[in-house]
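Report on the structure given below.
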C-alpha cells in the first residue's frame, strides 16, 4: 500500500510541473497582449488631432489630445505600463524555464498591481473626458464637441478600448501569479 502512495505522489509531480509551465507560458502570452493594448492606446491617443476647415485662413479650430491634461496623463500612464510590461517579459520568460522562482513572482505581483492601478487611473480619467466630449454638460455650459470633431472623438474613444483590455489582462496576470504561488 505504501508503494502505491509513493507512486501516486511521484506521478502528480510531473503533472504539477506541467501545469506550472502552462501557467508561465500563459503569463508570457498575456503580457504580450497587454503590451499591444497599452502601446496601441498610447499611440492612438498621442497622435490624435483634428483641424476644422473654415472659409478664412485666420480662423482655425484645432483639437489635440495635449489640449486636455487628462488625455496627456492617459498617454503617459499607458506608455509607462507598456514599458514596464516590456521590461517584465524577461522575468516572465524565466518563469517558463524555472517554474519554482518564488520571489520573482512576488515582485511581479507587486508591480503588476501598481501598473493595474496606474492604467485604471489613466483609463478612467480619460473615459470621463471622452464622455464629456460626446455628451457635454448642460449645467456647466460645456458643449459636446463630437459633432464638430468627429474624427478626434472616434480616435480618443477607440484608444480607451486597448487600455480597458489591458486592465482586464493585468487582473488575469495577478491571478495567475497568485495561483502559481499558491501551488508551491
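Numbering starts at 1 and runs along the chain as displayed.
A Cβ is built for glycine as well, from the same backbone N, Cα and C atoms used for every other residue.
Taken from Swiss-Prot, the feature N-linked glycosylation site applies to 49, supported by sequence analysis. Swiss-Prot lists 1-24, 94-105, 181-184 with the feature topological domain 'Cytoplasmic'. Annotation source Swiss-Prot lists topological domain 'Extracellular' at 46-72, 127-159. The transmembrane segment annotation in Swiss-Prot covers 25-45, 73-93, 106-126, 160-180.
Annotation: stretch 25-45 has the most Cβ pairs under 8 Å to the transmembrane segment (160-180), among 25-45, 73-93, 106-126. Across the topological domain 'Cytoplasmic' (181-184), the model assigns an average pLDDT of 76. Counted within 10 Å of its Cβ, the other Cβ atoms near residue 49 (N-linked glycosylation site) come to 15, all protein chains included. For the topological domain 'Extracellular' (127-159), the DSSP-based tally of helix, strand and coil residues reads 19 helix, 2 strand, 12 coil.
Away from its own ends, the transmembrane segment (73-93) comes close to residues 24, 27-28, 31-32, 34-35, 38-39, 41-42, 45-46, 65, 104, 107-108, 111-112, 115, 118-119, 121-123, 125-126, 159, 162-163, 166, 170 of its chain (Cβ-Cβ under 8 Å, at least six residues beyond either end). Remote same-chain residues near the transmembrane segment (106-126) are listed as 38, 45, 70-71, 73-74, 76-78, 80-81, 84-85, 88, 91-92, 156, 159-160, 163-164, 166-167, 170-171, 173-174, 177-178, 181 (criterion: CB distance under 8 Å, separation of at least six residues from the stretch ends). DSSP classifies residue 49 (N-linked glycosylation site) as strand under the three-state reduction. The topological domain 'Cytoplasmic' (94-105): residue composition by secondary structure is 7 helix, 0 strand, 5 coil, according to DSSP.
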